[in-house]
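Novice: To start, I am sharing the structure in question, which I have written as structure tokens.
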Protein chains: 2
Amino acid sequence: MRDYQAYLIDLDGTMYKGKSPIPEAANFIEELKKRQIPFRFVTNNSSRTPEVTVGKLKKFDIDAEVHQVMTASLATARYLKEQQNHVRAFVIGEVGLTQALENEGIEIVEDDPDYVVVGIDRNNSYRKLRDACVLVQNGAGFVATNPDIKVPTEKGLVPGNGAFIQLIENVTGKRPEVVGKPTGLMLQVALEELGVEAKDAIMVGDNYLTDIKAGINAGMDTLHVQTGVTTKDELAGYGTQPTYTVETLSEWFH
Amino acid sequence: MRDYQAYLIDLDGTMYKGKSPIPEAANFIEELKKRQIPFRFVTNNSSRTPEVTVGKLKKFDIDAEVHQVMTASLATARYLKEQQNHVRAFVIGEVGLTQALENEGIEIVEDDPDYVVVGIDRNNSYRKLRDACVLVQNGAGFVATNPDIKVPTEKGLVPGNGAFIQLIENVTGKRPEVVGKPTGLMLQVALEELGVEAKDAIMVGDNYLTDIKAGINAGMDTLHVQTGVTTKDELAGYGTQPTYTVETLSEWFH
């Protein structure tokens, strides 16, 4: 195991599992702090603000600071700001997204936007989707916080942001720029913020198809942990393997 | 040209083109009446009631009666009624669909439905789509009025019912029973109502991929008219050809 200069860390399946704690997670974070290794939590969730995520982690005895949480919404806002000086955005999304955009000085508009930005929106409507489709056809850029098609809940699978992205794609024929995992874009934004190069950092997560793929796409080493979605057996069936895989995070710092 | 016992006739592209008349259409309908040949207009539109369609046709000097309009919504209601004695349906749709279902004695419910029925709904919302996904996962049948993914408007392409059907399919992994064109189901319902067998009837329409395919799927002869979507050149590129193709409907009765 190399001495990495920064860790990017997934949440669900890695730090906790739904509403249940993963006992080894809190120690792992404490160890990073003790060794003074910078880290960021990286999450595809675009509706929650970093403040809410910090509160959620606290329930699992994990102490995080707001600036240590990188959401797909924050990364989207940073990404847009890098594209041009003043950005006008038509937005489908909740407070986690609108707040992130406003904090970066992005103007939220109904008409004539530079970009149509789409995150999960539990108040989504026919009208919003129709307007997004028309604006994308008229030439606005099309940016998606994250591509997750379905989200597990107690009641069953419910539509995730990717389901609505796919709908807009099906109607317009245009493909979005996707910021969240499994692309490497959100991870690159987090590494820029940390001032660490991809080759010197490691991505930690349980889900091969999102976390590990994103790490690989960002040019990072990757640590797969078997406490979540992808089992050790499933992992073996995938192409490019993660740099490491562990049963729990307690195996890591020894 | 054979003496067909019934005609099923598409609307847009065949009887009118958007807001413009197709001059040969009114004469074609008059000729059917003069010859006392029964006919039905068959439309994938699930939001308009037959009454509204009759009013629209009148603007183009085409006199139709309400019972001569078969919509995907009416056909869906008949189809459901044939499945079982008392049907409870969770419905995404507008008045054209809810009225058709209620007229057939189908109970519209929020919980514990036998079927999830999906037609275009300009008041569609995240909540409705989420509930539909959960109910389909819990075992409710999944029925779609029509599969049109995009609909042309003056402002551009907007999402059609098929875009939402696809979303529910992507989340649940379940495929719907589709009533509207290009399946033959709506045409079969219209023919049952007329008491005419498929082999003795002809389907008339401009769009190969919806009208002509539906006719073929229903086991009918087909008449393609070159006043709408599919040109003569495009038509030649498709597999199974229509029984006939004409430049305009004025060529037909001679």
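The count begins at 1 with the first shown residue.
For all residues, glycine too, the Cβ spot is worked out from N, Cα and C.
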Novice: Per TrEMBL, what member of A:ASP200, A:ASP206, A:ASP221 joins A:ASP10, A:ASP12 in binding Mg(2+) at one site?
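Specialist: The record-listed residue among the candidates is A:ASP206.
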Novice: Calculate the distance in Å between the alpha carbons (Cα) of A:ASP206 (Mg(2+) binding site) and A:ASP10 (active site, nucleophile), and round it to a whole number.
Specialist: 8
Novice: Given the recorded Mg(2+) site (A:ASP10, A:ASP12, A:ASP206), which additional residues of the same chain have their Cβ within 8 Å of the Cβ centre, ordered by sequence?
Specialist: A:LEU11, A:GLY13, A:THR14, A:MET15, A:GLY205, A:ASN207, A:ASP211, A:GLY228, A:VAL229
Novice: Taking DSSP three-state, what's A:ASP206 (Mg(2+) binding site) in: helix, strand or coil?
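Specialist: Looking at the DSSP assignment, A:ASP206 (Mg(2+) binding site) belongs to neither helix nor strand, so coil.
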Novice: Whole-number answer please: how many Å between the C-alpha atoms of A:LYS181 (substrate binding site) and A:ASP12 (active site, proton donor)?
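Specialist: Approximately 13 Å lies between the Cα of A:LYS181 (substrate binding site) and that of A:ASP12 (active site, proton donor).
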Novice: CB neighbours of A:ASP12 (active site, proton donor) within 10 A?
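Specialist: The Cβ of A:ASP12 (active site, proton donor) has 19 Cβ neighbours within 10 Å.
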